[in-house]
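Participant: The annotation compositional bias 'Basic and acidic residues' is assigned in Swiss-Prot to 688-705. The annotation region 'Required for trans-Golgi network localization' is assigned in Swiss-Prot to 534-560, 564-569 on the grounds of similarity to another entry. Per Swiss-Prot, region 'Disordered' is recorded for 675-726. The topological domain 'Cytoplasmic' annotation in Swiss-Prot covers 1-21, 92-95, 197-210, 273-277, 345-350, 393-415, 465-482, 536-726 and rests on similarity to another entry. What Swiss-Prot lists as topological domain 'Lumenal' is 43-70, 232-251, 299-323, 437-443 (among others), and the listing cites similarity to another entry. The transmembrane segment annotation in Swiss-Prot covers 22-42, 176-196, 211-231, 252-272, 278-298, 324-344, 351-371, 372-392, 416-436, 444-464, 483-499, 515-535 (among others) and rests on sequence analysis.
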């Protein structure tokens, strides 16, 4: 008989008599494992949070330290500028004969550079060197995965292996080393614009032919002579085993281009203080202004030289002419862009009421002028050329449309910016000698460079002066030529061009050599300017009317027909007697209309059309344009022209004189350019009228053999007073 279901033991009933605690024993390992995992997770999470907090704290400390170092570096340069300003003020009261404040600013920079280089401790633990291989060139941007976190790094340049543990570990030295683009986009525009905006056009255009010859032909000659001589030096370095990397012929030409950029700021400052001869000042200033523009375009053309074939540095006629075309295209395009920007600014200031708000007017003028540089660079042209001709155009047209307050503000604004930028660059040059990380010193290359620039300057000045004197009636004397040869300083432009590209071994050697050349020329040549003026018997103390006197239309006596190398003759209150033959004047006047026709045409076009269109001055367009352009003429002519037919004048603007600007004074008689006279005989009046018939072209014909400028009466050449444009 089978037992019943009630008597049969079931699974639950078998353990019914056991304790509940004993039933949990099999689950204990599982529960313990989960608890341990949960505890480990909690502890790891807390550790991760602590680690993240520590990283954030370290990042904040690094950011704070970086901000502090930035403030210290900027404060360093501000203190350098402050010290330079105080030095300039001191030099105004007590001049040091053989030292200029520009050279002293470089000395201040050197002292600070030594302190930063050897007096600041090197940081450690922040930089690590990692080795990697790549088939291509160095990456400009690198994305690094560090434990699941991605960090972005940017390329700063190649570092020589021997300097990894020295300069590169000093964060302070990194802070005071600026990006080269800072010089081009921030510091150079106000310097170049001020040169064009403050240009004394009367003296500049009187010597325009010679200035263009020195700036274009002279710079090209200097570039190729220096480049070829330095190529010989490089070959010598290779023979003696002092060349550790590649140095091509195109690199030598590039060095010749950048080192041909003269910047006689020290000499010109001394000329201005001593009131040296205005023609010598105009030649040096005009050459340096255009020379900078030519040098930067020439260097860009050399960089663009790419011959066909495997050897990218061999001579190729097609590539050469292509580089010449690039030079002409960049220069003409930059010139056009600068002039167009100036014209647009003139139109905006003419056809708006901005003159009622001088602050807005000055701000717009400033932004339009600065944007010219950036616009040219963005379009592939050269901003230096564009902003230079923008400044000249602004001074010739836009200046007339500005209110009196805006005129003063704009001049003072760019003068201050020019002063600060230039002194900042010279102070930074001294600093860079010890803080720059990529110096390559080569004694043979440095000595060869000094010899090459001396020979290049000599080949630049003397042969060109000889050929120019063949066509100039007023010769460039030997003392002027020696002074121009002596005044070939290198400065801000050469430094900015050299520091812009220091990626290769050759460019680093160029930068170091350029820096030393700038030091030498500023200290030695700048300090020897005053003794050289005395030794060459160049006259100083040539007074020129102030701007206030010009605005009040006071008379200024202008010496015509006199060699600027000679001492000024004695004069009295009514006239100056110049030595010469009156018949030469009559013979010279016959060639006036043949030699100055280009300038006459430009002056007529500018006076009758451009000035009335772009400014509030000049004759009404209704009288100069054809009748069928009457509507357009009425729209473009300013109402001020109808109210006041007398043209508004700008400071030193019209480099060609009008008939009314010319008056001859002889004894108690006055003869105007149109032949009218007072207290004088009719025959003499008619004679003087014939001699001064082409008086509006006389100023132009000073250069390149453009006729004789002597005006005589009864066999005695005279000097006539000119009414300076206000």
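The backbone N, Cα and C atoms fix where each Cβ goes, glycine too.
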Participant: Should anything in the same chain at least six residues away from the topological domain 'Cytoplasmic' (393-415) have a Cβ under 8 Å from its Cβ atoms, list it; otherwise answer none.
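Facilitator: Distant Cβ neighbours of the topological domain 'Cytoplasmic' (393-415) are 190, 193-194, 196-199, 201, 338-339, 341-343, 345-346, 349-350, 355-356, 358, 361-362, 365-366, 369, 610-611, 614-617, 648, 650-651, 653.
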Participant: Within this structure, do the transmembrane segment (278-298) and the transmembrane segment (211-231) have 3 or more Cβ pairs under 8 angstroms, counting pairs 6 or more apart in sequence?
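Facilitator: Yes, since the transmembrane segment (211-231) and the transmembrane segment (278-298) share at least 3 Cβ pairs closer than 8 Å, they count as touching.
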Participant: Mind checking which residues of the chain, 6+ beyond the ends of the transmembrane segment (444-464), have their Cβ under 8 Å from one of its Cβ atoms?
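Facilitator: Non-local partners: 213-214, 217-219, 221-223, 225-226, 229-230, 232-234, 236-237, 240, 242, 255-256, 259-260, 481, 484-485, 488, 490, 509, 512-513, 516-517, 520.
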Participant: Cβ pairs under 8 Å with the transmembrane segment (483-499): which stretch of 176-196, 252-272, 278-298, 515-535 has the most?
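Facilitator: Most Cβ pairs under 8 Å with the transmembrane segment (483-499) come from 252-272.
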Participant: Sort out the residues at least 6 away from either end of the transmembrane segment (176-196), same chain, that have Cβ-Cβ distances under 8 Å to it, and list them.
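Facilitator: Here the qualifying positions are 73, 76-77, 116, 285, 289, 292, 369-370, 373-374, 377, 383-384, 387-392, 394-395, 414-415, 417-418, 421-422, 424-425, 428, 431-432, 435-437, 492-493, 495-496, 499-502.
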Participant: If you average pLDDT over the topological domain 'Lumenal' (437-443), what do you get?
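Facilitator: Here the predicted model's pLDDT, averaged over the topological domain 'Lumenal' (437-443), is 86.
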Participant: Would the transmembrane segment (515-535) count as touching the transmembrane segment (416-436), i.e. at least 3 C-beta pairs under 8 angstroms with sequence separation of 6+?
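Facilitator: The answer is yes, given that the two segments have at least 3 Cβ pairs within the 8 Å cut-off.
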Participant: Checking distant contacts: for the topological domain 'Lumenal' (232-251), what same-chain residues at least six beyond its ends satisfy Cβ-Cβ under 8 A?
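Facilitator: Hits for the topological domain 'Lumenal' (232-251): 302, 305, 313, 442, 444-445, 448-449, 452, 504-507, 509-510.
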